[in-house]
Amino acid sequence: MSPPIYAIMLSSLATGTIITMTSYHWLMAWIGLEINTLAIIPIISASHNPRSTEAATKYFLTQAAASATVLFSSMLNAWQTGTWDITQMYYLPSNLLLSMALAMKLGLAPLHFWLPEVLQGSTLFTALIIVTWQKLAPMSLIYLTINNLSPTILLILGLLSSTIGGWGGLNQTQTRKIMAYSSIANLGWMATIATIMTNLMIMNLLIYLVMTTALFSFLILSKSKTIQDTTMTWALSPTMTITMTFLLLSLGGLPPMTGFAPKWLILEELTTQNLIPLAILMAIFSLLSLFFYTRLAYTTTLTLSPNTLQTKFKWRFKQTLSTPLISILSTMAIFLLPLMPLMLM
């Protein structure tokens, strides 16, 4: 794809998300979602191979179905209440339909099946866009309609997502699929806390975006598409290898890294709300995610796969990413925990 066309697609992607995030009318929100979906389809299918075409088709079908359901639920609500205002979703069937549609757009379990497949058919950079930027529009709609959405449905979706996100990632050898299940698990935590404390959900989303972007930057820089590829990151940069290990442990939620803060605060809030069984289950299922992060950290740092002499000279290759940006993101993704009290004030 030529650079001007690529720039137009990325700017359309940004425009669609911003339209959805800033709208108060359901039709404008739907138009934003459609622009967003139509802009990323060419980006996914730009690689010209059967996997990327399949990924683009799956992405289009699921997102189109979810957008249509959003429009249908808003039409039902407008029919019953006479208003198209996003914050006034008072009709119960509309709220249930909207919950399911947004869960499909985000990739929350049990509507998550498209996400690992689409990521596997995309390039690493496109996968990064799908698991970070593409989550902003649906999350903003959840934030706007949270007073009317069913808390029970969101808690069930959150628990299912953290379970499946942990379980599904155990068996994977492809880094993109591991990141897809990681995304499902993290979004499960956000869905769980959404009805109880929205500012915690926003904080969790921001930390997730920083950590995921930092880790994907390392994967793009080292061209690591499988677990075996990560065993050769030391040949590119020993510093990067160490930072990547800490990043993975931070994503898993180990203290004293940044990733521990949202899990800690969410579990504390669930316990305060007397949802103790849910808090226990969420904590147990987060151990499944921690296992595959630890496995990735182990292969990155402590394992050396059979290799040829040429693979040991990766450090001679020209870098394609800005290292200052990676340094800032990885520092934030690892060392922000002591600043949490300031961030929450």
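Easy rule for this one: first residue shown is 1, then count along the chain.
Placed from the backbone N, Cα and C atoms, the Cβ positions cover glycine too.
A quick note: this is a predicted structure, and the numbers were derived from the prediction, not measured.
Taken straight from TrEMBL:
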type	residues	note
TRANSMEM	5-21	transmembrane segment
DOMAIN	23-288	domain 'NADH:quinone oxidoreductase/Mrp antiporter transmembrane'
TRANSMEM	59-76	transmembrane segment
TRANSMEM	96-115	transmembrane segment
TRANSMEM	124-146	transmembrane segment
TRANSMEM	152-171	transmembrane segment
TRANSMEM	178-196	transmembrane segment
TRANSMEM	202-221	transmembrane segment
TRANSMEM	233-254	transmembrane segment
TRANSMEM	274-293	transmembrane segment
DOMAIN	290-344	domain 'NADH dehydrogenase subunit 2 C-terminal'
TRANSMEM	321-344	transmembrane segment
Of the stretches 5-21, 59-76, 152-171, which racks up the most C-beta pairs under 8 Å with the transmembrane segment (274-293)?
-> 152-171
CB contact flag for the transmembrane segment (152-171) and the transmembrane segment (202-221), at least three pairs under 8 A | no
Given the transmembrane segment (96-115), its same-chain partners at Cβ distance under 8 Å and 6+ residues beyond its ends are 33, 58-59, 62-63, 65-67, 69-70, 72-74, 76, 89, 130-131, 135, 137-139, 141-142, 145, 149-150, 153-154, 157-158, 160-161, 163-165, 180, 183-184, 187-188, 191
Spell out yes or no: are there three or more C-beta pairs under 8 angstroms between the transmembrane segment (202-221) and the transmembrane segment (124-146), with each pair 6 or more apart in sequence?
-> yes
Taken over the domain 'NADH dehydrogenase subunit 2 C-terminal' (290-344), the predicted model's pLDDT averages 75
Residues outside the transmembrane segment (59-76) whose C-beta sits under 8 Å from one of its C-beta atoms, at least 6 past its ends, are 26-27, 29-30, 33-34, 37, 40-41, 44, 84, 89, 91, 93-95, 97-98, 100-102, 104-105, 114, 118, 130, 141
Within the same chain, the residues 6 or more beyond the ends of the transmembrane segment (178-196) and with Cβ under 8 Å of it are 103, 106-109, 112, 115-116, 119-120, 127, 131, 135, 139, 142-143, 146, 149, 151, 154-155, 157-166, 168-169, 172, 204-205, 208, 212, 215-216, 219, 227, 251, 262-263, 266, 269-270, 273, 278, 282, 285-286, 289, 292-293, 296
